[in-house]
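Novice: Just dropping this structure here.
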């Protein structure tokens, strides 16, 4: 490895000759596990293209999530990063990643752990921290995520964005991640689009979300049944809905609960049975939302008005936010079953007497 100085160009970092990613897979007998929804990307032109979407990485600090056999890892190191943190849950990949670490001394730190539980608020040096209003810090999260973890992980990170904690204690940390093409379409869908969903509102109210490009399924080993898209997230200085994450999430989840029905039907589930209709009408009238619109037709300003109005209603009645529609349904079912089971023996007794 060496630092090559080219006249008029930024010096680039070059890895020494190494086995190819395919050879690493054979060498360590690595096999993608279907239950972990693992798919390897071996084409370094594509891994370079993913890394370019992250922006300028020269001397940046990067966290790669789920590096696997290290295809994207090589492209990140090739971009001249100062520090690369690798978080890998599957122990089988650690020896291959250690080989890359030895080829780039002092640049790579490997953590064998689960990204869903890993504390990222201490992952980077404190001097990189920026004010939220400033330009994003020189920190990036990059990852070819397993399909099984991509949605819960982005929801977790969106909550971190909202609370400015986790990887966002350092400022508006940018993320470049892969998703199933359909999930990427949901993340970026506009009002009226057939893919408009809870994910669209939660991501777009907190971040600038860009669907960068699509990678065909056949580029991966083993080939998934779907295509994959690369999505870039930059947290917004001001969220589009100025309410706590949990409140926004509750309103948005309720609206999309009955996706094909009028939005009135989903919003009803925010209120207990007693006075449900009256309160739903009050919410929609105050928020100036047409009750006959379908959930996917609602704009961001509709959701903002609904969240602001619901917040006022919760302030007036503090027990309202704790109300859970599904819990109420469960309790009803329990009572119904209990009545059924206590009635049954009495009927049998009568029959016996007869």
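Even glycines carry a Cβ here, placed using N, Cα and C.
A quick note: this is a predicted structure, and the numbers were derived from the prediction, not measured.
Feature table excerpt (TrEMBL):
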BINDING   39, 41, 66, 88, 114, 144  S-adenosyl-L-methionine binding site
DOMAIN    46-237  domain 'Ribosomal RNA adenine methylase transferase N-terminal'
Novice: For the S-adenosyl-L-methionine binding residues given in the record (39, 41, 66, 88, 114, 144), what is the largest pairwise C-alpha separation in angstrom?
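Specialist: The widest Cα-Cα gap among those binding residues is 21 Å.
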Novice: Could you say which of the binding-site residues 88, 114 has its Cβ with the most other Cβ atoms inside 10 Å?
Specialist: 88
Novice: Kindly state the mean pLDDT of the domain 'Ribosomal RNA adenine methylase transferase N-terminal' (46-237) in the predicted structure.
Specialist: 95
Novice: Here are the binding-site residues: 39, 144. Which has the lowest count of other Cβ atoms within 10 Å?
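Specialist: If we count Cβ atoms within 10 Å for the binding-site residues 39, 144, the smallest count is at 39.
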Novice: Hey, what's the Cβ neighbour count for residue 66 (S-adenosyl-L-methionine binding site) at 10 Å?
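Specialist: Neighbour count, Cβ to Cβ under the 10 Å cut-off: 23.
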Novice: In sequence order, which same-chain residues at least six apart have a C-beta under 8 angstroms from residue 41 (S-adenosyl-L-methionine binding site)?
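Specialist: Listed in sequence order: 47, 50, 71, 72, 144, 215, 219, 220.
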